[in-house]
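Each remark here refers to the structure printed beneath this line.
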């Protein structure tokens with residue numbers, strides 16, 4: 001796996017996104033780089049699968065997969081792999097070496113994610129064997145980490161290896177003035193296709209100011225996110241400070257999306273009108289995403305700059321989207337997706353570090369909505385927006401009550417164990433009956449279960 005960047009004390013990694021305005025020649029060159037990355041990724045997946053197959057067949061072992069090892073193998077075969085089928089011309093010199101390195105690194109990371117998941121060391125969703133990337137299905141993107149890449153001093157252009165200097169729609173002064181002052185250094189520039197546009201994300205190492213930038217360092221607030229409101233902010237004294245309305249960008253664009261989707265369904269796939277409708281559909285989806293992203297960034301930045309301690313819920317957003325069979329479940333899932341409930345916590349997790357505030361994530365099972373903030377009585381309230389407490393007869397608004405309870409949330413005492421120890425997949429579960437040898441013993445590969453996680457990889 002690729003080595004992680006060690007961020008020095010007082011520094012952090014930030015990304016600045018700009019929309020590119022390339023010429024036709026530059027757009028064609030970027031498209032070639034997208035394809036070159038896919039080619040290198042697919043070749044790496046093929047090589048890794050061949051190594052696994054050889055190990056399973058006769059026990060042939062290979063070196064531990066890494067970017068360095070596989071890049072050397074790629075350099076020995078690229079003259080045979082990157083050949084135009086019609087002209088027989090070798091085309092790999094037309095693209096920067098960074099495109100091929102990015103594809104190989106992506107495949108290596110995907111391989112180790114799969115192996116870590118099989119070994120039970122990776123949290124999150126189950127990850128399978130790396131799959132091949134296909135044009136039209138895979139997101140077009142390429143990352144440049146070395147070479148002639150920079151933000152031009154004129155604040156209107158970015159320079160990329162091989163491709164050259166590309167004009168941007170937005171002014172790049174946000175990052176250029178940091179670089180000019182010596183407070184930032186460019187680490188990588190990633191170009192990706194976003195609908196009908198090309199976006200460049202400039203990842204930089206930024207030196208943060210040492211002084212606290214929080215307006216109210218002693219303020220302690222709870223933030224409840226939801227569908228009715230984007231966020232409700234309250235303090236521990238029971239005062240609701242802010243009620244942020246939900247822009248509902250998907251609901252606003254749903255009528256147009258349906259109209260364009262129906263029009264495209266009546267077109268012949270691959271025709272001119274079909275491509276026009278697809279472009280229009282992409283623009284609408286991009287608009288929805290941009291509106292949602294803008295409101296979430298404005299909200300989370302304001303919270304991180306204003307309050308010293310912010311408490312949010314540890315929601316299982318993915319689990320909430322799996323609700324099926326209930327009345328109105330489809331519309332509810334769409335509304336939950338439109339609200340992006342997990343995004344504010346993700347934004348606050350790094351923005352609080354930037355501005356000197358702190359973030360506390362409440363326990364997933366903390367009953368913030370159904371606990372009366374006056375008498376602490378807990379009762380089932382269903383989906384009701386307003387409810388009356390059976391203990392003290394006070395009527396509560398669901399979101400306001402949850403925000404107040406979150407502001408009063410106290411972190412439980414830490415368990416005995418090594419500091420920073422992560423809970424691995426299944427480590428917090430009780431053991432139960434199962435087949436001898438565990439999950440790997442059920443795989444009929446003809447090899448002992450203990451040898452399976454490595455799949456022919458010799459760890460040196």
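Residue 1 is the first one shown; counting continues down the chain.
Cβ atoms here come from the backbone N, Cα and C positions, even for glycine.
Marked as active site by Swiss-Prot: 224 (among others). The secondary structure of residue 224 (active site), as reduced to three states from DSSP, is extended strand. In sequence order, 231, 232, 234, 313, 368, 369, 399, 402, 403, 406 are the residues of the chain that are 6 or more apart from residue 224 (active site) and have a CB within less than 8 Å of its CB.
Residue 313 (active site): 26 other CB atoms within 10 A of its CB, across all protein chains. Summarising the annotation, Swiss-Prot assigns active site to 313 (among others).
In the three-state DSSP scheme, residue 399 (active site) falls into the helix class. For 399 (among others), the entry in Swiss-Prot reads active site.
Long-range neighbours of residue 375 (Zn(2+) binding site) (same chain, six or more residues apart, CB within less than 8 Å of its CB): 389, 391, 392, 394. Among the features that Swiss-Prot reports, Zn(2+) binding site is placed at 372, 375, 389, 392.
Residues or ranges marked as region 'Disordered' in Swiss-Prot: 415-460.
DSSP assigns residue 392 (Zn(2+) binding site) to coil in the three-state reduction, outside any helix or strand. Neighbours of the Zn(2+) site: apart from 372, 375, 389, 392, residues of the same chain with C-beta atoms within 8 angstroms of the site's C-beta centroid are 374, 376, 377, 390, 391, 393, 394. The Cβ of residue 399 (active site) has 22 neighbouring Cβ atoms from other residues within 10 Å, across all protein chains displayed.
Residue 313 (active site) carries neither a helix nor a strand DSSP state and counts as coil.
When the binding-site residues 389, 392 are compared by the number of other C-beta atoms lying within 10 angstroms of their own C-beta, 392 comes out lowest.
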